[in-house]
Amino acid sequence: MATKFPSFNQGLAQDPTTRRIWYGIATAHDFESHDGMTEEQLYQKLFATHFGHLAIIGLWVAGNLFHIAWQGNFEQWVTDPLHIRPIAHAIWDPHFGQGITDALTQAGATSPVNIAYSGLYHWWYTIGMRTNAQLFQGAIFLNILVCWLLFAGWLHLQPKFRPSLAWFKNAEAQLNHHLAVLFGFSSIAWTGHLVHVAIPESRGQHVGWDNWLSVLPHPQGLAPFFSLNWGAYAQNPDSLDAVFGTSQGAGTAIFTFLGGLHPQSESLWLTDIAHHHLAIGVMFIIAGHMYRNTFGIGHTLKEITEAHNTDNPNDPHTTAKDGRHFGVNHNGIFETVNNSLHFQLGLALASLGAACSLVAQHMGALPSYAFIARDYTTQSALYTHHQYIAMFLMVGAFSHGAIFFVRDYDPELNKGNVLARVLETKEALISHLSWVTMLLGFHTLGIYVHNDVVVAFGNPEKQILVEPVFAQAIQAFSGKVMYGINALLANANSSATLAANSMPGNHYWMDMINRQDALTNFLPIGPADFLVHHAIALGLHTTALILIKGALDARGSKLIPDKKDFGYAFPCDGPGRGGTCDSSAWDATYLAMFWALNTIAWITFYWHWKHLAIWQGNVAQFNESGTYLMGWFRDYLWLNSSQLINGYNPFGVNALSPWAWMFLFGHLIWATGFMFLISWRGYWQELIETLVWAHQRTPIANLVGWRDKPVALSIVQARLVGLTHFTVGNFVTFGAFVIASTSGKFG
């Protein structure tokens, strides 16, 4: 007889109800909970999944390359990137009538197509690709790589090729490998591509497989490198009248420090980018030789952490007022981190989340791809995309931090160290965060509501408008002169300015920072920015409060002292202990996700509206309407959704109709979430039992039976399903809104 799902949990496989299916899906990737799982097997399985993960990414990128080469207009687009709209792929749908077929036959295509808002065209163009054949070759190469990755994943699960537990826990070797090989060498390799292929192509010099060994990337070749005359590589950069992709204004420099933007492509100088990657690569290769491994030289992480202990009896930090000795503040930290995958994953997710949010900001403030800064819809889509991903990663960091406290934390090993002290002082941490959120919330909302009232009563001059003087000062210190704050780089005679002016060569940072359009990397800010900044701060601090409380209370609280024994996720256990709903560490993640979505919406609303106003030459709209809530609702949300609610109507359709339909459907998905979030298990169990009764008494329905007794989702599962609908609906609705409202104005 076939083994029932899930094979990894025989106890669950014997469950006679539909709970078997849902719990099986929920725990499929919780390898720690599987039958017969050892620590070594756990590490080996996770290692193998990395290859699968990389294979999925490779397939995804190959799919983009293949479909754009097959159905896109890449070769036409590169001839005029500013005016030809890039095509993502063709679309065919049996529901299409003549109206929508005509509306979506766009961008020079002969049949319905989707416009690309991914920025892939700009990326491939910038790195030197020019033909569909190159895109096809890239797709084929990646598919071959995917096959190798899948084979490698399978191979590393075979007994002879499974790495040992000691190999996984050799932190120093792992750090050296990741720093020097993965980060360092890949950065150097990317520098090589930029220098040998991308920079020559940007100067009208084709470099391909046919001539890459015979075309020198610099007239002097490697001579300046070996003679230590490295400055030669920075001499003769492209001129300010350089035309991207042609020899007009082209120089010979390959590593520069120009700053600012290429005037025609309005992107960072490729030679600056190459210099950046070279420096990053060298730094990481040095960093990858710092930790003790094969040769017995270098640091060990255990020594580094324990060197931070304050054992000196004269150290004021050593002894607390009550006489307790605090000198062992890092004892056990290395073992704790090195033996906890959840701790390591939490650190990785937090780091990657912060980096992803930084990418969102920098793709707009410091655009690195040629002409992408003028593709406003793509810029809006990429900002939104990266901020939403950053939100997920950062919430996940706290979630795995909480799982660490439940599953991996050892009180004896960590006695008296910083981890133990964080747990001891959690009430102070949580209550301070609570105080901060209340201060931010009451003050920010109070000012917004005050402004709404006075505007509604016809006295807009009575609004409370606070200039963000400290933020303006930071912009001025960095060189922005419009505020009249004469300090540092905004003062022509300051030591900072004189030092900057003494650097050899030309530099264009000040030109960029004082531009009058959206391409200045510091946009002018005023009272509307001040208010929304504090609204976002409220959202960030509230999200952090819920997540930090969830993690610090994950082992136990005054309400549930033995909470760790219940695991990471557990349902309410009724009124017996004063009601325990919303107290598991998983519930903290669940609750925080709503605040995280709230916050990320405010962040992307702010970025999008401010940029729309600048792009349309109507900066006053944001500055004047952004100081009260009705201004946001009326002049951003309502005004910009007009394109969406007119994508299709009784008089016909236009190219925005698919986004209009997605906008509507996104609202439906979002609203469906509340069905799971508001009505709980008992209602559904009673309904299911009634439906089963009706089914069994309907002769034709009895042709279909089931092995598992139908039961309602658990409270935790229903919350997950509800949150998923809420989140996906949020994405679909706002994604459609951003793309349609921006492309409806700018194409």
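Every residue, even glycine, has its Cβ placed from backbone N, Cα and C.
So that you can see what the record holds, here are the features copied from Swiss-Prot:
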TRANSMEM  46-69  transmembrane segment
TRANSMEM  135-158  transmembrane segment
TRANSMEM  175-199  transmembrane segment
TRANSMEM  273-291  transmembrane segment
TRANSMEM  341-364  transmembrane segment
TRANSMEM  380-406  transmembrane segment
TRANSMEM  428-450  transmembrane segment
TRANSMEM  530-548  transmembrane segment
BINDING   CYS572, CYS581  [4Fe-4S] cluster binding site
TRANSMEM  588-609  transmembrane segment
TRANSMEM  656-678  transmembrane segment
BINDING   HIS667  divinyl chlorophyll a B1 binding site
BINDING   MET675, TYR683  divinyl chlorophyll a B3 binding site
BINDING   TRP684  phylloquinone binding site
TRANSMEM  720-740  transmembrane segment
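Where Swiss-Prot records a feature, it is marked here on the structure.
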residue : record                                : CB count, 10 Å
CYS572  : [4Fe-4S] cluster binding site         : 16
CYS581  : [4Fe-4S] cluster binding site         : 12
HIS667  : divinyl chlorophyll a B1 binding site : 15
MET675  : divinyl chlorophyll a B3 binding site : 13
TYR683  : divinyl chlorophyll a B3 binding site : 11
TRP684  : phylloquinone binding site            : 16
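If you take the Cα of the residue listed as 'phylloquinone binding site' and the Cα of CYS572 ([4Fe-4S] cluster binding site), they are about 17 angstrom apart, rounded to a whole number. Segment contact holds for the transmembrane segment (588-609) and the transmembrane segment (530-548), given three or more CB pairs below 8 angstroms at sequence separation of 6 or more. Rounded to a whole number, the C-alpha distance linking the residue listed as 'divinyl chlorophyll a B1 binding site' with CYS581 ([4Fe-4S] cluster binding site) is 28 angstrom. DSSP assigns CYS572 ([4Fe-4S] cluster binding site) to coil, not to a helix or a strand. Sequence-distant residue pairs (6 or more apart) of the transmembrane segment (380-406) and the transmembrane segment (720-740) include at least 3 whose Cβ atoms are under 8 Å, placing the two stretches in contact.
Same-chain residues lying 6+ beyond the ends of the transmembrane segment (135-158) with a Cβ under 8 Å from its Cβ atoms: 44-45, 47-52, 54-55, 58-59, 61-63, 65-66, 68-69, 74, 124, 129.
For the transmembrane segment (273-291), same-chain residues at least 6 beyond its ends with a Cβ under 8 Å from one of its own Cβ atoms are 171-173, 175-181, 183-188, 190-191, 194-195, 198-199, 234, 254-257, 298-301, 368.
Outside the transmembrane segment (530-548), and at least 6 residues removed from its termini, the chain residues within Cβ reach (under 8 Å) are 395, 398-399, 402, 429-430, 433-434, 436-437, 440-441, 443-444, 447-448, 466-468, 471, 588-589, 591-592, 595-596, 598-599, 602-603, 606, 626-627. TYR683 (divinyl chlorophyll a B3 binding site) sits 16 Å from CYS572 ([4Fe-4S] cluster binding site), taking the C-alpha atoms as the reference points. Residues 422, 463-464, 466, 531, 534-535, 537-538, 541-542, 544-545, 548-549, 552, 627-629 of the same chain lie 6+ residues outside the transmembrane segment (428-450) yet bring a C-beta within less than 8 angstroms of a C-beta in it. Secondary structure at TYR683 (divinyl chlorophyll a B3 binding site), taken from DSSP and collapsed to helix, strand or coil, is helix. Separation of the C-alpha atoms of CYS581 ([4Fe-4S] cluster binding site) and MET675 (divinyl chlorophyll a B3 binding site): 18 Å, rounded to the nearest whole number.
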